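Novice: Okay, so TrEMBL annotates it like this:
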- 50-106: domain 'CTLH' (DOMAIN)
- 335-362: region 'Disordered' (REGION)
- 405-456: region 'Disordered' (REGION)
- 430-439: compositional bias 'Polar residues' (COMPBIAS)
- 440-456: compositional bias 'Basic and acidic residues' (COMPBIAS)
- 461-518: domain 'CTLH' (DOMAIN)
- 646-666: region 'Disordered' (REGION)
- 648-659: compositional bias 'Low complexity' (COMPBIAS)
Amino acid sequence: MDSTLVNWEALDRLILDFAKSENLIDDSASTSTISFPSSSPSSFSSSYQSRFIIRQIRRFLESGDIDSTLHLLRSHAPFILDDRRLLFRLQKQKFMELLRRGTDEARDSAIECIRTALAPCALDAYPEAYEEFKHILLAFIYDKDDQNSPVAKAWSERRRFEIAGLMSSVLRAHLQAYDPVFSMTLRYLISIHKGFCIHQGISSPISDLTERLLLEERDPPAVPQESFYEAPPFDEVDIQALAHAVELTRQGAIDSLRFAKGDLFQAFQNELCRMKVDVSMLDELVREYCVYRGIVDSGLALPSVPGLKTLAEPLKVGQSEPGCCSSRNYSFEVDNTNNKHSDGENSVSNAHMNVSPEDSVDVNSIQGTDVELRYACESTSYHEDCSTSGSHQAGISKVLQRNRNYTIGERSKRKRWRGRQDEEDYKQDLNATATSTNLSRDKQQGFEKHPSADINARDDKNEIVLGMKELVGRGMAAEVVEEVTALDPNFFMQNHVLLFQLKQVEFLKLVSSGDHTSALRVASSHLGPIASRDPSLLKPLKETLLALLRPNEDALGKGLPLHALSTSLQVAIGQKLGIEEPQLMKLMRATLHTHNEWFKLQMCKDRFESLLRVDSLKDVNTPLISACSMSKSNADSCTHGSSQVTISSSTRVSEEGSSPAQESSRDVCDENAILKVMEFLALPRADAIHLLAQYNGNAETVIQQIFA
């Protein structure tokens, strides 16, 4: 599939919102503190609290603990118990769980449950409830292991999951406890991606991700109350939009709209949240992306303290790196010039503090100071002596030496990844199943398989790439070119478009500062020669030179979004250093591409893309750089990410970008005719349009021909 432009900055915002909403990151303290807060935060958002309660109720029901479920419902959602339909199902399940225990005491409790709760509820729950009540009494005489008994389905533990899913759907809608936008967006895009691949008969390049991430099973739909069945008819446009967006039958879409009282977008969110995702896999994809983008700290390094300037590969006190001196002292150089507290014994000025591997660091004694952590045995050739990984190691060593102080400025801003610790605490309280325990042990064993030297080397490289990204974001193009060249002298020979773009930034920055002489020197020394070798860059060169005519404007600010260029450079350098781009980036690029293609086939605009921020993910604007004019030699690198962000001068995908055949089909077909064929023949929009085009847009003729 073709590479599709993605606004990675917009994705960063969605991801950060997701991580905060799900309490996956510690937003109360930065990584610059050595003592971390407790795993359970003191306050959650009401939405998180509601989702957490729903997850607790789901777990109770899936484990067959109906009493705990009822207790939680009375405390947090008593309105659920006012719905006699739901209460009857809960009491019926409680009866079966009591019998499942198999003891005389449990059987007596089951009889008491029938007398005091189940039978009274069966009288007015719903028309079929009393018949179901009489049928369930057969469980007294048929064993739970008898697969041929008339109550085999009632005995099945699958009933636990069905009622758990139903209760989750109802609670989610009533409490407005929808999953974060990113989670719903991912479900939607993957669903469309799968449908598009099936419709076109093509294989998905990301099927290994989509099949594991989005599960086939869905929660049962929330059933509307009987009073809603007399609701006025809904607009057919809404019915068809909902049905095809989340793969429902027409009747299913109508029921969903009834439950949402006609609110299309609420019904859409209800249906999206019924789709099940592998939460642990989603969290890991998000964590990988956040580390790659510098949103959260990798967690592989020693946490820094305020004022701590550290190497890009710090080791914990007492830890030695394989292949290096086994015993190493750490030297803290303390600069107290910024410390206002200079009285008494707390006064420290330009002092040195040596810490042996056996010692612990008392951070409280150096708070408020500027501290530099160095190795006592450190030499200028340290990295060259201790590592031999890869042909770029010498370049990496030089860049590390020059950018050793970068870490304190940026890493201290990053969030700390905490994961679903409150979820784990809750599981421990419930004596979590062996499955989750084994999963955690397997993940830990997998982590331990990586040698610490490899982890440190990977962390070093990622810090270098993030440093380059930060420099580009600040518009420091000349410094970036210098650092990249030191890292790999041949890099820009293989990525000349990136060099052209960086020199554009340098040119525009000089123009903005009024230094036209230096700007023209950059243009003649770099931009001109690159464009002469690649004629496709002549047009963006001309557009760049136009900045000279607008000296009073912010040429750099209006010239191009630096975040797009910084991401392009990050991906390209990362590939050069052997850092794979996150799987989530591949997933988003592929699914946004199929979203574009799908709605070209549908010949309409996606009614839900604004709700899910899909439009912002596609909104990439690069006014001066037109990389879709890239030469053939760079096409491959563009596809793999080195310049995928900067491909056109205005890259917001237009829903009007249809082929001539599609345009002619649209002209022939009336919207009402399209909806009529979709309704009567239960066809996708694209197929309905195709049929109407064959019969001059006459819906009645199409229907007659199909049934003839």
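The backbone N, Cα and C atoms fix where each Cβ goes, glycine too.
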Novice: Reported in the order helix, strand, coil, what are the DSSP residue counts of the domain 'CTLH' (50-106)?
Specialist: 48 helix, 0 strand, 9 coil
Novice: Suppose you look only at the domain 'CTLH' (50-106); what would the mean pLDDT be?
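Specialist: Computed over the domain 'CTLH' (50-106), the mean pLDDT is 94 on the 0 to 100 scale.
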Novice: For the domain 'CTLH' (461-518), give the DSSP counts of helix residues, strand residues and coil residues.
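Specialist: For that range the per-state counts are 49 helix, 0 strand, 9 coil.
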